[in-house]
């Protein structure tokens, strides 16, 4: 049955249609807003996946280039290879609010695919894909019962706007995505230009209020679809074994949770299993996996009870206490800037590299090709958490953490007019026990200052947690990995002393009240400023001088008509300049030439070559040129690269010249003076004028040839 529903969102209608496309999927919807259209499908396998202890959900987001009326620019002219950064980040946005809503015992492979079919350059398909994913799940036979809606919130000239267009987003000083259900907000992602905590709260709850029509549509769709829902296979629990494990494990778990050191604590928890297995005897020696699951469950219960009932955290920290912090800068001598930020057992090494405009990242998107002068890359090697894994390209998590940190830092970067460099920061996570993305923000900020990049303000970040059961609610600052894993919220906040630049929030409970979120943001501000103070004791402002190994950038403006002279046939000339001087030369369509060099001498040498190539002859100027061709009537002399003029036979010498070759030879270097630039582009030269000047004589006006007195 074909069903189409429509509600106004912002200044235009949003439509959800089902029953027309992809009807063999478990659920499929087409979401339209303006002329942007996405197809979202969901399929749940009919076969149980045994031997796993997690929900096997995968989410894919695909931006088809045809949606924007374009052909892919790669060799194959089709979409190939890994998803783009935008596709990866959007897939994570879709995944995060829906994953917690599946039954914890769901063990059937489930795949959500969002495909952008049409893009109008004004309405971003990411929000449509998030709404579509929830709608497709709601009308499917999968056990997904809670509609989730999503809206982008922007602020333009102080006014909050729901779903600003792409062009409007350029004028927003706040830009966040809010996802929520009937119960409340479940996810927040975005940032802004130094936003206060109260302003951020207002934006989040403005977004929550804007979700109402989208939730109504999905509820109506569910009712009209009327598809019976499958149930998750219940996991049979051996209550006797669970009780026995609790009896044997609880005392040892409590002791382990008193250990502050992460690795020692993990080893102690691992030893708990050995103790329990010995206590259970041979009868249960083949039930090790179940025992491990029961121990994990008891660890969660005991740790949460420590916090909620006893008011204690792992290692004895206060709820609002930040772990010890150390900062170092300039630790890598050949890089352009470096910093080591350590907070407890989380450590990030930030490395700054500066480049020319030619080093900017070029990205093909549905909006067209764009360049990015700032990049921040996050790496999480397995040794950082004492694991052994295959090293491959960046994971979705790596890309997501990099995106979060990028938002935090980019607001404090100087403009291209003030600092004409491409900036790349790499964060190497050397060890991790919670909040490595916020450690990345701190190390990146320190590395920028160490490298002499004139940022407006340093940025720090903190991860907040939550544990809530009934009326018992505790907000935790600077959470550990265990507190994140066994807690109810992961709320990352980054910013300067003047306000927030980046936020990311995910919760595992049904919703948060405004009061809890307000407390979390206020507590986060105190923690952020504490971390910032520690950073500033190491380096208080950007260095006045950049690293001697950083490139020097020189610029020169040339006439656009001269661009082809610098490039040369097939790039021959520009490659020769770069090879001879050891520099990098970039030219844009306006004729702005940028030379990137390691030292001053190389840069000036390249600039001089460019000036010589693009120089325009001036009347009265003297040039040392090379005779390139001899004719009966004179000699052609190359006075500049690609520029030749004629020195007439009468202008070769002060005395009468019978034969040109008697005075000059091909390949000979001679000095000549420019007499005239004719309207048809020809250049008249004179050697004779210079000889007369050397002899103290003045030739005829304008260098006109003299009549031979012996001729009648």
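Using the three backbone atoms N, Cα and C, a Cβ is placed for every residue, glycine included.
The Mg(2+) binding site feature in Swiss-Prot is assigned to 484, 490; the stated evidence is sequence analysis. Around residue 490 (Mg(2+) binding site), the C-beta neighbours below 8 angstroms that are at least 6 residues distant in the chain are 463, 464, 465, 479, 484, 504, 505, 506, 507.
Annotated domain 'KH' per Swiss-Prot: 551-610, in sequence order, evidence recorded as sequence analysis.
Summarising the annotation, Swiss-Prot assigns domain 'S1 motif' to 620-688.
Look at Swiss-Prot and you will find 689-712 tagged as region 'Disordered'.
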Secondary structure content of the domain 'KH' (551-610), with strand meaning DSSP E or B: 32 helix, 16 strand, 12 coil
Secondary structure content of the domain 'S1 motif' (620-688), with strand meaning DSSP E or B: 7 helix, 36 strand, 26 coil
Around the Cβ of residue 484 (Mg(2+) binding site), the count of other Cβ atoms that are within 10 Å: 17
Per DSSP, three-state class assigned to residue 484 (Mg(2+) binding site): helix
